[in-house]
Every structure is written in C-alpha cells, then in structure tokens.
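Asker: Here it is, the structure in full.
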C-alpha cells in the first residue's frame, strides 16, 4: 500500500488519494447487457436456457429449485454450518425487528388527521451471487428483512453449478429465512427475468442484492426502464480504518485484508496519526498475505489502496466523511466518543474487537451496504427497504373549513384553478 502524508498533499493530490478504482462501464458491457435483457423479454425461458448454457455451461430444462433439491442441500450442509447460519439468522432478526416502523398518526388541525401506514412490497427479487465463491450470508441478509416486512412473495435467483445444482449452503440459508421460491439463474439474465418475468420466473416489484459488473448494469437498466426498483447503487467492496497509536497492527492489517480479498477492484484505506502504527501495519500485511489463499487478489486491491498519515484524528474523520466508506472501522481507544463525528458511512465498527467480518456474517447488522460514496445519501438494506410508507389523510367538514382557505390561496398562486375549485366546492365558497 502506498503511504501518503495528508499535510504534504495539495488539493488535486488529496482528491486523487481518495479516488476509487475507475468503475467505468464499457460500452461493450452496456450493450451486451441490453441485448441479454431484450432477449429475455422477447423469448422468456427459451432465452434463459440458451444464455445459461452459454455462460454457466449447463443445460437446464427447469430453473426452479425442487423440494428434492432442498432436501439434498440439507443433507449436504455440515451441521456446524447450519447451526452457524441459524445463529446468524436469530441476530439479524433481532436487530432488524428492533428498527421496524409501525407508522403513526397526528392531528395537524382540528378535524384533520394525517397518517403514515406501512405496507410490504408485494413481490421482491433477491439475487445471491456465486462468482468466485457462493455467498449464503447474502441470502440471510436479504431473506430475513424480506420476511419481517411481510412481502407476499419472495423470489431468489442464484447461479447454477456445472452439474445443474445450486450451492447447498445458499439453499439452506434461503430455507432458514422462509424463502422457498428459488431459481437456478445467474448474471444479467437473472435480473432481467425477475424484472420482466418469464414463463417460469415471476416479475418482481423491487430487486435486491450484489453482483458483478453485468449484474450491476442490468439492475441499473431495468430500474431506468421502470420495470423494477432496485435497492441501491452497487460497486466494489471497501473499508476505511481510522486507527490511533494504541491499535493492534495485526488486527488492523487483518481488517484491511478481509476487504482486499473480495476482489482486485476493492479498496482499503488506513488513516492514522501514528507513523509507528502505519509502519507496523505494513509489516503485518506481508506476514498475513503469505497465509491467504486469495493473496494474489488481495495484492491487486492493495496496489490501488492507501495509508494516509494525518496530523490529528479530527482530520481523519473529515477525510472519512468526504470519502463516505461502505465500512468504517474505528480502531481507537475511545471509539464511541468519536462516533458523533461520523457523518457518512454504510456501517461502523467500534473498537479493537469488532472486525468488519462480524458485520458481514453474524453480528446482526446488514452487510448489503452503499458503496462508491453512496453512503452520503443511501443507507444499508433494512426492513424498510422491503416496505412502502403510504400517506393517509382524512378531513371532516369542520376540518376543510378550517384549513381550506390556506389551500385556496396556494392553488391560486400556482394558477391551478381546478385545485382551488375542488376545495371551494366542499367549503361552499367561491373559488
């Protein structure tokens, strides 16, 4: 990792230091995804079969996961893994349940009541990738809040393996969250199928889940077309660590590597006011890299990552808020005392014994988070992501008589005569 001294950088160099790996979508990718989507819309399941054979190397007659498939998955998953997933589900459920909104009502004027009621989104589509490795934890992170929200139907797509099966752990994770409608579909074609529907796959109102550049582009295209809403902008995984001189170098290095191993386009940043800590973390990175099975991937990510020396921790928080990381680790002696300075981050991890990996799997928070600076305006997935908040209002005759004049004045100011007339008729006055 390159080491920079923030105080020695001019404005342009500071911007460059916080620039994420270039995430431009090639015209070729955009066009390829558009063609896949158009093919699925036009030919449905027939297109899905051809695309799946081409990209996944397997011919499927049926995309739906059967009861026999679920049973086989249960038998294939080790008891300790199943128990770990059950434990994770319990904590994810507890955290997300605590944050659920029940709506509210308020009388804004005599005879005028305004309410907010909560309704589940009817049908949602979950995408669980299985590129370099299957991600059953993502099935848990999406399935639990969907269940708590009360969505009428939950559809899950995950890529098939060469033998036509689906990763057993993903299926068990789906079952543990109550998801039983699972399809052996991956990539942009899965997104198209869930957005527009085919003979086998129902169309969904909103799509959730991470994926590669093709999946991300497909989500953006179906959202732009109005076919389905999506959870949030997606991008490569990232972590920013703010560490003081008392931090454990081995812990900090391990946290940086846990994100770097996601992919060569991941980015990790370390901000510290201690030269000694930065130097020690550099040493630990090399020690721990030698033990990783995905060391080559991690090295590629580290090559475009930074360690930044700051003069004071206040400066580190200003930099972090500017960057708006997906994951923010505060490896500080009094981490909670600094929490008030955090303005933009997807998820925050306090202290030496809260690695980001806990949030990825089993602390209870959600690991589907905004990336690429989107944390300035977006939040991670929650139960509310699977719900609609519907406004309701009711006015009595006395209520409209009391506030109607306000509406009349505003309607006239905007030149909307029909608006004014709709109120005036009920009040029995001239518009």
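Including glycine, each Cβ sits where the backbone N, Cα and C put it.
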Asker: Out of 205, 296, 360, which one does Swiss-Prot list together with 237, 259, 262, 327, 414, 419 for substrate?
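Answerer: Answer, per Swiss-Prot (substrate site with 237, 259, 262, 327, 414, 419), from 205, 296, 360: 360.
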Asker: Between residue 262 (substrate binding site) and residue 212 (NAD(+) binding site), what C-alpha distance do you get in Å?
Answerer: 12
Asker: Return the single residue from the recorded positions list (262, 327, 419) that has the minimum number of other CB atoms within 10 Å.
Answerer: 419
Asker: Cα of residue 259 (substrate binding site) to Cα of residue 189 (NAD(+) binding site): how many Å, rounded?
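Answerer: Spelling it out, the Cα of residue 259 (substrate binding site) and the Cα of residue 189 (NAD(+) binding site) are 28 Å apart.
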Asker: For the binding-site residues 189, 212, 237, which Cβ has the most other Cβ atoms within 10 Å, all shown protein chains included?
Answerer: 189
Asker: For a quick check of packing: other C-beta atoms within 10 Å of the C-beta of residue 326 (active site, proton acceptor), how many?
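Answerer: That number is 27.
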Asker: At a 10 Å cut-off from the C-beta of residue 259 (substrate binding site), count the other C-beta atoms across all protein chains.
Answerer: 28
Asker: Hey, for the NAD(+) site built from 127, 189, 212, who else sits with CB inside 8 A of the CB center?
Answerer: 129, 157, 159, 185, 186, 187, 188, 190, 191, 211, 214, 215, 218
